[in-house]
Amino acid sequence: MKLKSLLLRYYPPGIMLEYETNGELKTKSIDLLELDPSTDVGALVEEIQKAEPLITASRAEKVRLLVQRLQAKLEQNSKHIFCLVKVLRAHILPLTNVALNKSGSCFITGSYDRMCKVWDTRSGEQLHTLEGHRNVVYTIAFNNPYGDKIATGSFDKTCKLWSAETGECYHTFRGHTAEIVCLSFNPQSTLVATGSMDTTAKLWDIQSGEEVFTLTGHLAEIISLSFDTSGSRIITGSFDHTVIVWDTSTARKVHTLIGHCAEISSSVFNWDCSLILTGSMDKTCMLWDATNGKCIATLTGHDDEILDSCFDYAGKLFATASADGTARVYCTATRKCISKLEGHEGEISKISFNPQGNRLLTGSSDKTARIWDAHTGECLQVLEGHVDEIFSCTFNYKGNIVITGSKDNTCRIWC
């Protein structure tokens, strides 16, 4: 094996190795999920050298410099104050969702007006209108990290695949018998998965436009789905109180996660695919071992339904948002609650970490979004101005842009 190049992955921190073996170029990653600003870089580089034969003594200095760059990135934007840059009166009817491409250069909005629109983040200019659905465009996504395709899922029971650059519709995926309410691209951008109120999920081939598999096994509506970072598995969360883990190459059911006593609201893998986090209308979240499907912990404390949950990029922390108007942050290793986010005056329907993992963004029915310190629970900033419920909000990949979408038919760009 011969090392050809070293590449950085900022979030979660890691180093990608491009190497040649038997004339074939391959890649693998060194995940540095425990890296933080206080890490002893010299000691870490020694550990990397011991564990990875491709990192020889002659490469040690290069690796040290890369690790230092990763450390510096973790501290970037930690004290960033967001200012309102644009208010876009995006649609004539309420928005359903917003999503950014990886670079943050453009974003998309879905709406009850049956359209999805593509916007330039910096200028606020509308780039494309994606028309063709015959009912509400409810769920939308870019094929990040590539960002050249967009998928839209609709109450008209179809999913459409579009060019992000031209607005051209490549395919219309037909086969569901009820509304599509969730979708996701696999990391390789070869498949798009759709989840429906018809109790099934489907995997579609992006190139051919053909259905690859139907995932049948739930007894009620599917309302969340998520691929793992390898793309080899997908999880589906349902109103039947269960989450199912599927093998994407065979459509085989790997595990059924049984334990919640009410509808599932969210389900997600951590970065290294070892854990699954589920949130439920039963007011609890559960942490599961992804390798055997066993419950590791049930976390209680919220006084009302959990509406959203998430891991940080490195998987060190996870967070829950509730209809009780609060959010909680937990340490993944200890399963202990380390902070409570209190201040919203209505239910919190969305929560996400910034890429650095030290800030949280929440969106609420109280018409505000808030930025929080993940470790202390202190509210650092209130993003005000919407005149109706905020149902969608997201950071870009660098953590220096926030988009908020509201039932007031507008979205706001904060930088």
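Placement of Cβ uses the backbone N, Cα and C atoms for every residue, glycine included.
Where the annotation comes from TrEMBL, it is an automatic prediction and has not been curated.
As given in TrEMBL:
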- 88-129: repeat 'WD' (REPEAT)
- 130-172: repeat 'WD' (REPEAT)
- 173-214: repeat 'WD' (REPEAT)
- 215-256: repeat 'WD' (REPEAT)
- 257-298: repeat 'WD' (REPEAT)
- 299-340: repeat 'WD' (REPEAT)
- 341-382: repeat 'WD' (REPEAT)
- 383-415: repeat 'WD' (REPEAT)
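Looking only at the repeat 'WD' (299-340), the predicted model's pLDDT averages out at 98. Per DSSP, the repeat 'WD' (257-298) is made up of 0 helix, 22 strand, 20 coil. By the Cβ criterion (under 8 Å, sequence separation of 6 or more), the repeat 'WD' (88-129) is in contact with the repeat 'WD' (383-415), since 3+ such pairs are found.
Same-chain neighbours of the repeat 'WD' (215-256): 178, 181-188, 190-191, 193, 195-203, 262-269, 271-273, 276, 278, 280, 282, 288, 290, 292-293, counting only residues six or more beyond its ends whose CB sits under 8 Å from a CB of the stretch. Within the chain, the repeat 'WD' (130-172) has long-range Cβ neighbours (under 8 A, six or more residues past its boundaries) at 96-103, 106, 108-112, 114-118, 178-185, 189, 192, 194, 196, 198, 204, 206, 209, 397. Packing against the repeat 'WD' (383-415) from elsewhere in the chain are residues 11, 76-77, 80, 82-100, 102-104, 107, 109, 111, 119, 121, 124, 144, 346, 349-350, 352-356, 359, 361-365, 367-371: each is 6 or more residues past its ends and has a CB under 8 Å from a CB in it. Residues of the repeat 'WD' (130-172) grouped by DSSP class, helix first, strand second and coil last, total 0 helix, 22 strand, 21 coil.
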